[in-house]
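Everything on this sheet refers to the single structure shown next.
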Amino acid sequence: MIKRVILFLATNLAVLLVLSISMRLLGIESLLNQQGTDLNLNALLIFAAIIGFSGSLISLAISKFTAKRLTGAQVIERPRSTTEVWLLETVQRHARMAGIGMPEVAIYASPEPNAFATGWNRNAALVAVSSGLLEQMNQNEVEAVLGHEISHVANGDMVTLALIQGVVNTFVIFLARIIGHLVDRVVFKTERGYGPAFFITTLIAQTVLAILASLIVLWFSRQREFRADAGGAQLAGKEKMIAALERLGRMAQEGLPEQLQAFGIAGGERSQGWKRLFMSHPPIEERIAALRAEH
């Protein structure tokens, strides 16, 4: 996890440095100064990086607590049924095969079949399944779903997604404030401090840029689902993974709070055109086709 954080922080700093140098070489910084914008790009870059990463990393750090509160998930401390015993044994076996520590295992009350994994540390994660999943799927299918979630943990997907979100947040904040400065100083000729135009323009620009930037995060989310499916197939068996996805494809795919939808196994209803860009999961039929294509 530490290596992953260092890599992404270094990448982000490198990109910020390149962006800063590029703006100077292209004369954008001097142009802004000539227009009287009095904008310190280096300070703005640092500010944007701090704010951009703080939110995503804090969210990651408290992700297990948040997930439990949002779903009402109850961690299995002492199994009270054969189903709970089987869940713990299956997760433990998958975790050992994947080379990670034993995660917490929880069940949350929901009629919708779903499951999710979260946590900042791959050796101290949380895997939760809905009561609907246990009621509507057989053991082989549930085993595959658990393998899918364990693969998310083993791949470090939660950490990577949070860091990508941090990079995206940084650029959204940075560019939105540059646009706000330009409009406020150049168009409305504000000489001291910030006028209403800065705040209004920055808010609008940040909203638009955040929507566009979310496409990057959602694209990554869709790619990691294919990887988790492949990992689930390795842990539980390809046919079990395909059967689980086929069963999910025939069921309703709701039930998780919005903050956790990207971490659930269900999702990815059939969508056409531009709507596909805003999906956190690929369509079920594409995920099944990808598994069938693997040898």
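The backbone N, Cα and C atoms fix where each Cβ goes, glycine too.
Because the structure is a prediction, the values reported are computed rather than measured.
Swiss-Prot names His148, His152 for binding Zn(2+). Of Glu77, Glu84, Glu225, the residue it gives for the same site is Glu225. Once Cβ contacts within 10 Å are tallied over all protein chains shown, the binding-site residues His148, His152 are led by His148. Sequence-distant contacts of the transmembrane segment (198-218) (same chain, at least 6 residues past either end, Cβ-Cβ under 8 Å): 161, 164-165, 168-169, 171-173, 175-177, 179-181, 183-184, 190, 277-280. Counting every protein chain shown, 28 other Cβ atoms lie within 10 Å of the Cβ of Glu149 (active site). A helical conformation is recorded for His148 (Zn(2+) binding site) in the three-state DSSP classification.
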